[in-house]
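Notes follow the structure.
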Amino acid sequence: MYRKTFLFVVSVKSESQSRSAKGDRSAKKDDAPKYLDVVFKELLDCVDQPIGIISAETGEFVSYNAAMVSLFGYPSESLRQMNVFVLSRSVGKRSEAELKSKLERAAKGEDLKFQLTLLNARSNSIRCRVRLASLSGSTGLLRIWIEDLRKQEAVRTLLKGDTDGQDFLIQNLSEDLWDWNIEENPILPGERLEGILKYSDLGYKISFDFWKNKIHPKDARTTMTLLKQTLKGKRDLFDAEYRMLSADGSYKWILTRGQVLEKKQDGQASRMLGFHIDISAQKNAEETDRQRRNLEALTTSISTELINLPGKEIGEAIRNNIEKIGRFFGMDRSYLVIYDVDTLIRELVHEYIAPKAKNRAPSWEKISKINPDSYITGQILNNKIVMLDEREVPKESASQARVILDNTGIKFFVGIPLSLAGRVIGAIGLSSESYREKIKHRFEEFEIFHLRTIGEVISNAIERRRKEEELRAERDLLAGIMNTSVAAITVLDPDGSILYANPSAEKVLGLSLEDLRQRKYDSKEWKPTSLDGGPWKPEDQPFTRVMTSKEAVFDVRHAIEDSNGLKKYLSINGSPIKNEEGRITSLVFLVTDITDSLLAERALKESEENLRLALNAAKMGTWSWNLQDDSMHWSKNTFDLFGISFEEFQGTGSGFFALVHPEDSSLMEDAVDKSLRGETKDFHLEYRIFHKDGTVHWIEGKGMVYRDVEGNPIRMAGTVTDITDRKSSEEELKASRSRFQAFYRFANEGILFVNPRTERILDTNPAFLNIFGFSPEDIQGLPASSLFTPESWTTVHARLRSFESADNLELRTVRIDGTVFPSIGNIHFYTERESFIAAISLLDTSAIHEVEILRTVNNEISVRNKLIEMQKNELQETLNDLKRTQDQLIQSEKMAALGQLIAGIAHEINNPIGAVKASNQNLQECLKRFQSLLPLVQAIFGGMSAEEVDSFRTFLNLVRQIREQLAGIEERRVKRDLVEELTNLGFSNPYIIADSLTDMGFRTVPKEAVLFLRHSHSATLLEYSTIESFFFTNTNTIQIAVDRVSKILYALKNFSHFDTESSKRLASLQENLETVLTIYQNQLKKGILVSKEYADVPKILCYPDDLLHVWTNLIYNSLQAMAFRGKISIRMFLQDSEVAVEINDDGPGIPEGIQDRIFQPFFTTKPPGEGSGLGLDIVNKIVEKHDGRIEVESRPGSTTFRVFLPYLIEEESGIISERK
């Protein structure tokens, strides 16, 4: 990076000249310049390193080159009047004596090298390396070389800006580090930059404006701001990463660092040293890595979703994921097609067209023919991924690919085949209206791999849905057969002869009815075997088992051969028929041919095995239980689902059973026992567990039993899935349906559902039949127009045709007997099975004649008005008294609550005060040792090199950063690692250094500290560093304690404040809630887990002091209900035009029988003396005062209070309005 300068002076002299030279060696100093001008002048000026000749006695310059003049900035003649003592900053007597001693030693023949700080003409300090040596052939003169160290220090500073990237920077730094003299040349230098951007090939010279204009618009502001701050002297290092437009039109990432070397008197930079580096490859690698992580997350997300969903939801999920894939890759289209290779039919299942796409036409028809000989289809059917660029297909081509590209405006296409067991069943298509090079993703090996994986997941999901649909259809078919008595039914006598067989037995057993009656149950012609082809023992026969046990048997399965030699698999249910004496007179058997279903079941098993493999790939929870030693092994995801760590799990079956909810333990044990006894094929159970935070989670467990050759169970294995959300959704859906049915059945209004297309009535509620006089049979297919007069039907008909909802329509309706009566109608629409249905409600208003009666009553009311007016004033005064009493009661309740908490608050304040006191004592002890140690450290500094001093100062900056203190096993482990690292670095006292570094919180040896740690007084310097670390740790502790006390006092002040103002004011509900939580902090931290979820809600108009009482009462009630042990969840969110605050606890809940009474005055469930019974009554009144409402939901283990307040703001006009 820097060039060393070697100066060779070659002189050819004659013998006489040599003798003359010897005589001239004693020449006076005044003659020396003339002598040197002859020998050195031209050579010195050719060297770029400052070189000169000085007097050994006075240090004055005798001669020097141009580089020396440039270094100090003095005029050449003025520099000749200078000496090294004047230029040196060390002008003291001691320093002057040391420098003079060096001059004398050099005059005696020593070659000396040392560092010296000099001043230039602008009074800037220059750290230099000086070399002195005697001048051959002269007496009293010395050669002096001066090396400016500022550039080296600037380069080190530049590299320190990115410690991790030093190797990268060193490899990329060019030889031409730019040295920018800002006053002489205001243009930012950058020959290296011109080469990077290829502008040098075009003959461009990068000026400052050119450089500024080529920076990417998103990076320009930040980069220029950093440069301006550096030039103004606000920072010493200009460090920027930005993009620049290169000559070929692309953007390249540039790293520019510049270190300020000199500043003007006003502090502005006058000289900088720096470099430019092309870091595009590094940035591109980071972007590629980010895209890969996102693609892996997309693949995992799709796999997990499709694997977990039930079959009926897979179709919608696949459509959503097709859109997700298209958006991820930034394509204009993504679609899914399914092939029927036998009929050569293609079905377009779903196509997503991005909003930015110019062409909106579909790529395919819904159902279309496929041509296996076309390029795209042929490649897909051969299970190959297709990537096609529009430019690769000739314009004049009539191929299918050309037609598709022209019709949809596609420039680039990717097709991913969907295969199952080696057979292609469909494809995913991705296409863009831009050419491939304009697309962010390259569709290289990594992308192709993940697209293949996604295709396999979708293929398995499609197949699973198909299998489930087939099985569902088969179950429906079997049920129909049973209902119509077409199943094989046989009756046997006690000796095993077949007495009767229904016609279906001919098909099931493969024999005619006549032949069946000639056989017995154990005839060899049946050729019975077990399902797996093994021998069928006589004692296993259903007939034998019924006769022996005299009890029914169910689903006894075995195989037989029919008359054609075909194997049939049968399922047999049998039951004895007994006489009055209990003797078996006959036996009835229901024989079902399960050949098809068994084969389908085996196919399903294979599909399920594939599903299990997919589950493992998706990292779902798996488990394995060794039944012989009771050991249980879980995957990592299983630990996450159960909310415990590996160390907390016992690793046994009994340990697992202990985690199951007590109410589900018996179900779990029964399900496991049945699986082990072979009563069920697979283990499948939905059960609950507790997490450590007290929350209940629903788990779906699946598994199967593995047996040895003798049929004994040896191991169980399977998967677990968290289905808590699904369970919650099912409960909510069930409750919603129940509410709707109750309303529909008991509503007073007539409700009917109409098909808007046919305008026929689909269904009505009982109230409709009662109002109009119809029977249920009358309304089947009845036209809705028959219910209205022509004028009213015109109104209703217009709404039905336009699908426009309406409320409060005044209509004339017609009963079955032709009577016309007035009604108020509402029309609304909803979708059912992708069709619109109109819901019409009609309210009979024929009772308006009652208005006449009301007019008579009104006259009587007028007489009473005067009496009411007299009572009004008395009631108003009473109301005012009640309001004042209520305000006093609220404040009394608040102060009473505060009295209960005051001891805890005092404890909360004492804790941080104690921390301040302890930290203060530590600081006093630290200061004493610091005062005694400081002189010793200063003395050590005097004997250290500049590099060692820099090393120690850098280490002190690290020490002053607050670190986590180590303790126990962690401390011993870190100390052991430090000793090993120090030993490898060659330190003879690793244990002492490791102790100090551990006390300061270091986990590794800072590389900045290695240099000074080798100093002979490193132990003293380490002790000084430990004191500094201790000092900053204690001051940080004091700051944290002071902040905590301030927060408690602020909350206490807000809580105790009583506002008597009658108008609302703007206040933050979040701050309101936090005030109460701070007051209750002492009670909450002992056994309560608080969960908070606040939406971003601005301040609203309210009575903040009244609301403090609301939160205090609700939170304290929750604490008492849970006996101060459990979990409280607080949520705040917007709902339409209201702000909702929800407070939930996992206490025992409020009994259903008293939930309607909890807001009544003086009603309480607490023991005498513990509650006034007014808390919730006051809460309710405060909420009503805000025009809000309060709701409560409670069941065992969960109670939730929701407070809804109007979302109000105050506008400039002073009018209060709702914010939507």
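Note: Cβ is positioned from N, Cα and C throughout, glycine not excepted.
What TrEMBL annotates here:
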COILED    865-895  coiled coil
DOMAIN    40-110  domain 'PAS'
DOMAIN    238-291  domain 'PAC'
DOMAIN    474-516  domain 'PAS'
DOMAIN    554-606  domain 'PAC'
DOMAIN    607-679  domain 'PAS'
DOMAIN    683-735  domain 'PAC'
DOMAIN    736-807  domain 'PAS'
DOMAIN    1042-1209  domain 'Histidine kinase'
Determine how many residues of the domain 'PAC' (683-735) DSSP places in helix, in strand and in coil. 12 helix, 30 strand, 11 coil
Which numbers of helix, strand and coil residues does DSSP report for the domain 'PAS' (736-807)? 35 helix, 14 strand, 23 coil
Secondary structure tally of the domain 'PAC' (238-291) (DSSP, helix then strand then coil): 12 helix, 31 strand, 11 coil
Under DSSP, the domain 'PAC' (554-606) has how many residues in helix, strand and coil? 12 helix, 30 strand, 11 coil
Residue counts in helix (H, G, I), strand (E, B) and coil for the domain 'PAS' (607-679), per DSSP? 39 helix, 12 strand, 22 coil
Per-residue pLDDT averaged over the domain 'PAS' (40-110) comes to what? 80
